Every structure is written in structure tokens, then in C-alpha cells.
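Right, one structure below, let's go through it.
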Amino acid sequence: MLVNKKYVKRHAKGFVYLHWINAICFFMLFLTALPLYADTFRFLYDMFGAKTLQNAHRFFAVLFVLNPVIGLFTARGGIWRMFSEVFKFNGKDVTFLVKFPLELIGKHPEGIPKQGFYNGGERMNIALQLATWAALVVSGALLWFGDGLIDNSIRAWMIPIHSLCAGIGFAGSIGHIYLALVANPDSVHGMQDGTIKVDYASAHHGEWIDDMVREGKIRQKDLDEVLKP
Ligand code: HEM
């Protein structure tokens with residue numbers, strides 16, 4: 001069923017909270033570690049003190065781990081869909097990824113295949129963020145608690161691994177934010193109240209909308225009403 005004749009339900013509230021808590025944690029973890037990497041950010045130590053930043057880093061690390069654990073109860077459907085989507089990467093996603101970059105420079109590429117709930121780029125973002133989350137958590141936990149538990153030569157490797165994953169995750173999230181806020185601003189509504197405009201959904205996730213019609217979740221008549229020229 002369409003919401004207010006114009007919107008389609010996309011994300012559950014629990015998944016929206018999960019997303020934003022994860023985003024805040026990620027950036028706070030990044031920010032509180034920055035002075036360790038570049039003197040330009042030493043002013044953060046001067047402002048807050050090194051100990052406060054270290055404690056804040058650990059606080060957000062705990063939240064970063066607990067958030068998806070709580071999400072298993074409050075956002076099970078969204079988490080399950082993310083995991084299942086990662087393994088659905090197929091030829092259509094490749095065609096999408098080849099043609100899509102033109103959209104970034106304001107063109108409308110021909111022949112993009114209808115996309116499912118998540119498109120090829122989103123699937124890549126999901127895979128990247130899941131992998132960096134796991135690697136950050138494991139390497140971070142070993143840096144925090146590993147003294148005496150594992151060999152110091154192995155523990156020393158956790159620093160470059162942790163840093164590399166933070167860098168890759170950050171680069172990915174900058175691309176993701178650009179695509180959400182600049183290239184597809186209509187998508188952001190889905191991460192506010194969980195709904196997106198049905199004409200946007202139909203243009204960007206046509207296969208998902210077709211499925212919803214087939215499953216009787218949207219009436220073809222209501223859809224035609226919104227999409228009529
Ligand atoms: C200002 C910051 C951010 C904005 C505006 C934003 C926006 C969005 C939007 C609109 C969606 C839903 C896309 C859809 O329904 O198809 C989404 C999904 C997602 N976001 Fe974010 N996001 C932000 C930060 C982050 C950060 C920091 C991370 C990870 C560290 C992240 C990870 C994800 C993932 C994995 C998904 C699901 C797949 C995808 O759409 O790529 N987001 N985000």
C-alpha cells in the first residue's frame with residue numbers, strides 16, 4: 001500500500017536508527033583517532049585532552065559493536081536483507097556499475113537494467129562496510145585486550161590493519177554520502193521516516209517495485225496513478 005498516495009515503505013524505523021547510530025559512531029571513532037595520524041589535528045588534543053579522546057574512542061567503539069547486536073532484535077528484517085543482498089551480486093549489477101558513473105556528471109545513461117531493493121553500488125557499499133566493521137572490531141579488540149593474550153608481534157600487525165580499514169571505510173562512506181546527498185537526495189527520505197517517493201523508487205529500484213506489485217503490496221492502479229505522465 002502507498003503511504004499518502006505518493007510514498008512507499010522502504011526501511012523499518014529500527015533499521016533507520018541502526019544506520020544513524022552506526023554513522024555517528026563511525027565518524028566519532030574516526031575523529032577521535034585523527035590526532036594520532038596527523039599533526040594538523042593535534043588541536044583536538046589541545047581542546048579536549050588526549051585522555052578524553054582516548055576514552056571517547058573506546059566509548060564509541062563499544063557502541064559501534066553493541067549497535068548491530070541490539071539491531072538483531074530491533075532491525076532484524078533490514079539486517080537480514082543487507083546480508084542476503086551481498087550474495088545476490090550478478091551480471092545486472094555489473095551492467096549497472098559500468099553505466100552508472102555517467103549519472104554522477106549529470107547525464108542519463110541508456111540501458112541501465114531495472115534494479116532490485118539495493119543496486120550494484122549499494123551492494124558494494126554493504127560488502128565494504130560489513131568487512132571493514134568486522135576487521136575494525138577484531139583488530140580494535142586485540143589492541144585493547146590482546147596484551148598478554150596474543151603474541152606481541154601479531155598484535156603489532158593490528159595497528160596497520162586497524163588504520164587501513166578505517167581509511168578504506170572512510171573513503172567508502174564519503175562516496176556513499178555524496179551519492180545519497182548530492183546524486184540521489186530523494187533516497188535520504190528513506191533514512192528519515194523510512195519511506196521514499198514511489199516515482200523515485202520505480203526509476204531507481206524498478207525490480208523491487210515490480211516484486212511489490214506482484215506480491216500485492218502495491219496496487220498496480222495506485223502505481224499507474226502516481227506514474228502517469
Ligand atoms: C551523512 C551521512 C550519511 C547519509 C546521508 C547516508 C544516507 C543513506 C541512505 C539514504 C541510505 C538508504 C539507501 C537506500 O534506501 O537505497 C543509506 C544506506 C546505507 N548506509 Fe548510509 N548514510 C550516511 C552515512 C553512512 C555511514 C558513515 C555508513 C557506514 C560507515 C553508512 C552505511 C550505509 C549502508 C551499509 C547502507 C545500506 C546500503 C547502501 O545504501 O549503500 N552510511 N545511507
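For all residues, glycine too, the Cβ spot is worked out from N, Cα and C.
The domain 'Cytochrome b561 bacterial/Ni-hydrogenase' feature in TrEMBL is assigned to 11-185.
Note on the transmembrane segment (15-38): residues 44-45, 50, 53-54, 56-57, 60-61, 63-64, 67-68, 70-71, 74-75, 77-79, 136, 163, 166, 169-170, 173, 191-194 of its chain, located 6 or more positions outside it, place their CB under 8 angstroms from a CB of the stretch. The transmembrane segment annotation in TrEMBL covers 15-38 (among others).
Nonlocal intrachain contacts for the transmembrane segment (58-79), taken as residues 6+ away from its ends with a CB within less than 8 angstroms of a stretch CB, comprise 11-12, 14-15, 17-18, 21-22, 25-26, 28-29, 32, 133, 136-137, 140, 144. Positions annotated as transmembrane segment by TrEMBL: 58-79 (among others).
Tertiary neighbourhood of the transmembrane segment (126-145): same-chain residues 29, 58, 61, 64-65, 68, 82-83, 85-86, 89, 118, 154-155, 158-159, 161-162, 165-166, 168-169, 172-173, selected by CB-CB distance under 8 Å and a gap of 6+ residues from either end. Look at TrEMBL and you will find 126-145 (among others) tagged as transmembrane segment.
According to TrEMBL, the transmembrane segment annotation covers 157-181 (among others).
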